[in-house]
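Residues or ranges marked as domain 'RCK C-terminal' by TrEMBL: 31-116. Per TrEMBL, transmembrane segment is recorded for 127-146, 152-170, 218-241, 283-302.
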Amino acid sequence: MIGDLMLTKDDIITVRGDVHDLIHTDGGLIGPESDVSLARRIPLVVADIHVGKHKHAGKSLAELGQVMPGGVTVQALFRAGNELPLGPKIEVQFSDVLRLTGPDAAIKVMAKQLGGQAILATMKSEVLYLALAMLAGYLVGIVTVTISGIPFSLGTSAGVIMAGVGVSYFRSRNPNFGGPVNEGARSFLQDFGLNAFVAVLSANVGPKVISALSGDTLLWLALIGVAGALIPPLVAFYVGIKVFGLNAIISDGASTGARNSTPSLNAIMEESQSSVAAIPYPVSYALTTVLALIGGYFSMILT
C-alpha cells in the first residue's frame, strides 16, 4: 500500500524480489504471473533525499528500511558531502543525504517520510544562487576594519572563497539548497576554477619567485618545502593515534583533510577498500581552510 491506495482482487501489480519466491511458487504467494507489458515497464529513478526530520536521527539503515515503501533501495549515504560505508548498523543523522533508487511514486513517499525533497539528476543548472554568493563574498571581502590603527581586510578573493565554502556546506546538508545543478557543469566549474586560480596566481607570483631563487635560496626552499609537506601530517597522524586513541584510518582521513588533499583521501580509501577515512575529512578540511586564510593575511600584514 502506498498512501491510501488499497489493492483489490484482480489488480495487476509489479513486484521486485527473489525469482524463486515470486515465480516458482505457482502463484501461491500473491497470484499467477501476468504477461501484461505495461506492468513490466516501471521506470526506476535515482534521487538524493536529505534527512529533514529529527525523529530519524540515530536510526540504523536496517531500522529505516522498515518504513521504506516497497521497491526502494539505499544506494549511498552522504554526510557533509562525503560518502559513508553502507551497512545495516550504520546510523543515520539529521541532515544526512540518502541516495535512493526505486519507482517514482515510492521515492516521493519516502521523501515525505524523511522530511526532505527528492532531488533528481537534471541537465539544468541554477546560477542565481551562485551569482548571489559571489556578490556577497565580494562585498564582505572589500570591508576593512581598523583595530588599534591596523587595517584588517579579508580581501575579495578570500571573501568569495568563504562564500563558496558556506554554500557548499549548506548544500552538503541539503542538496536542494541553491537549486538544481547539473553534475557535469559542477565538475567543470570545479576543475576549471581550480586551474584558473593556479594559472593566475602563477602568472602574478612566478616572476618574483624566479628572481628570488639565487644561490642557496633554491636549496633552502626545497628543504623547507619537503619538511613542511612531511612533518605536519606525520605529527597529526601520530597524535591522532597515541593521544586521542583514533583508529589509524580515521587518523589518516583527518590528516589528509588538514592538508586539503583530496587525492590523498582517495588513495587511502582505495588502499583500505573502505570509505571510513572520509568521515573526519570535512571537519579538518574546513578548519584548515579557514585558519590558513586568516594566518596568511596576518602574515602579509605583519611583514
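For all residues, glycine too, the Cβ spot is worked out from N, Cα and C.
Sequence-distant contacts of the transmembrane segment (152-170) (same chain, at least 6 residues past either end, Cβ-Cβ under 8 Å): 80-81, 129-130, 133-134, 136-146, 177-178, 286, 289-290, 293, 297, 301. Residues of the domain 'RCK C-terminal' (31-116) grouped by DSSP class, helix first, strand second and coil last, total 23 helix, 28 strand, 35 coil.
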